[in-house]
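Inspection log for the structure reproduced underneath, given as structure tokens.
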Amino acid sequence: MSIEIPAGLTELLQGFTVEVLRHQPADLLEFALQHFTRLQQENERKGTARFGHEGRTWGDLGAAAGGGTPSKGVNFAEEPMQSDSEDGEEEEAAPADAGAFNAPVINRFTRRASVCAEAYNPDEEEDDAESRIIHPKTDDQRNRLQEACKDILLFKNLDPEQMSQVLDAMFEKLVKDGEHVIDQGDDGDNFYVIDRGTFDIYVKCDGVGRCVGNYDNRGSFGELALMYNTPRAATITATSPGALWGLDRVTFRRIIVKNNAKKRKMYESFIESLPFLKSLEFSERLKVVDVIGTKVYNDGEQIIAQGDSADSFFIVESGEVKITMKRKGKSEVEENGAVEIARCSRGQYFGELALVTNKPRAASAHAIGTVKCLAMDVQAFERLLGPCMEIMKRNIATYEEQLVALFGTNMDIVEPTA
């Protein structure tokens with residue numbers, strides 16, 4: 001007697017298993033009820049529920065648990081949103097002439113299944129499970145490495161001893177113009193921090209490819225492929241001679257992944273409570289937690305400055321932030337020539353306007369008292385918050401109304417036309 005397994009059942013159960021291993025729920029039955037109810041609600045909301053009596057299958061519902069319908073990012077057109085790299089390693093489409101490498105069929109659910117296969121639990125791993133790796137460095141090399149790593153969000157929450165271990169374990173990799181640092185479809189072996197040089201990001205999807213972004217002497221890539229045991233979903237190619245700092249998979253998982261697991265426990269509930277992130281799927285919200293960093297500002301300290309280029313997006317975790325804008329020739333201005341236009345408190349966000357419109361910062365932000373913010377860099381913002389973009393774009397109209405009331409003009413903050 002042969003029993004036919006319904007299409008998609010395996011994927012559906014794998015997805016559930018991953019979530020159970022990740023959260024370790026005390027009440028498994030209640031967790032299962034919430035998990036499958038959430039899947040059903042997400043599919044109904046999108047109008048893509050795939051089960052019933054009209055040729056629909058639970059398999060399509062299972063696929064939705066791993067990523068669902070592709071969404072558009074901020075600076076990308078007509079490409080599916082990927083979310084397996086902090087700085088674009090796993091972005092979207094690649095140049096049509098990028099036939100030198102073959103792209104795998106990218107499905108976020110099947111990639112997540114490999115997490116279950118590896119069965120890595122950072123809560124159970126002993127600190128000394130792996131011997132410490134040390135690559136000797138000259139004073140000049142270590143100084144350059146520290147400078148390259150100082151703005152890497154993944155390292156922000158490491159204590160001094162953990163950071164020292166990371167620096168010891170990193171090794172220098174020199175690259176030539178045209179060299180492929182990582183290739184789409186390969187297994188993740190190292191996390192890379194750019195010391196110097198320029199690099200292009202190529203992605204091939206559905207037979208159509210293009211360059212989707214680039215790095216200019218700064219940035220990092222490759223971390224989420226190591227965190228989730230997923231294949232590379234992009235090719236990073238050097239466009240000039242340069243140098244990278246690499247961190248091996250073992251050290252990365254022992255230090256970064258374990259530290260990130262602690263951070264995830266701290267911030268999961270906070271991220272899920274934010275209304276503007278409701279359009280993200282559960283797995284996408286978890287990846288937001290993975291890429292955010294924490295920044296603390298003292299009273300009066302400037303967080304962003306009007307006219308500066310945009311590199312980060314901020315969510316207020318605690319405290320209050322004052323948003324001001326300079327406008328000459330107005331009597332209402334403060335001594336520094338700026339008018340207060342808004343205040344942001346816990347759960348509210350700022351800094352998104354420049355990222356949405358691709359223009360310099362339209363306003364400044366200062367801390368009122370001690371302020372703690374969650375920060376996300378521009379690459380992660382573009383990659384992970386695509387589904388939230390319509391909400392943020394709708395806010396532009398509100399900003400314009402406020403500016404017209406204050407200055408008699410919208411200050412030309414609207415999104416530029418292409």
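Just so it is clear, glycine is given a Cβ too, placed from its N, Cα and C backbone atoms.
Note on SER85, SER331: Swiss-Prot annotates phosphoserine at SER85; no matching annotation appears for the rest, which is not proof of its absence.
Checking the candidates THR69, THR230 against Swiss-Prot, the annotation phosphothreonine falls on THR69. Each residue contributes its Cα atom, and for ARG218 (3',5'-cyclic AMP 1 binding site) and SER312 (3',5'-cyclic AMP 2 binding site) these two points are 14 Å apart. Per-residue pLDDT, averaged along the region 'Dimerization and phosphorylation' (2-153), amounts to 57 for this model.
Closest by Cα distance to TYR202 (3',5'-cyclic AMP 1 binding site), from the binding-site residues SER312, HIS366, LEU384, is LEU384. In the three-state DSSP reading, VAL250 (3',5'-cyclic AMP 1 binding site) counts as helix. Counting other C-beta atoms within 10 Å of each candidate's C-beta, the binding-site residues THR294, SER312, GLN348 are led by SER312. Here the binding-site residues are TYR202, PHE276, and the one whose Cβ sees the fewest other Cβ atoms within 10 Å is PHE276. Neighbour counts of Cβ atoms within 10 Å were compared across the binding-site residues ARG218, HIS366; the minimum falls on ARG218.
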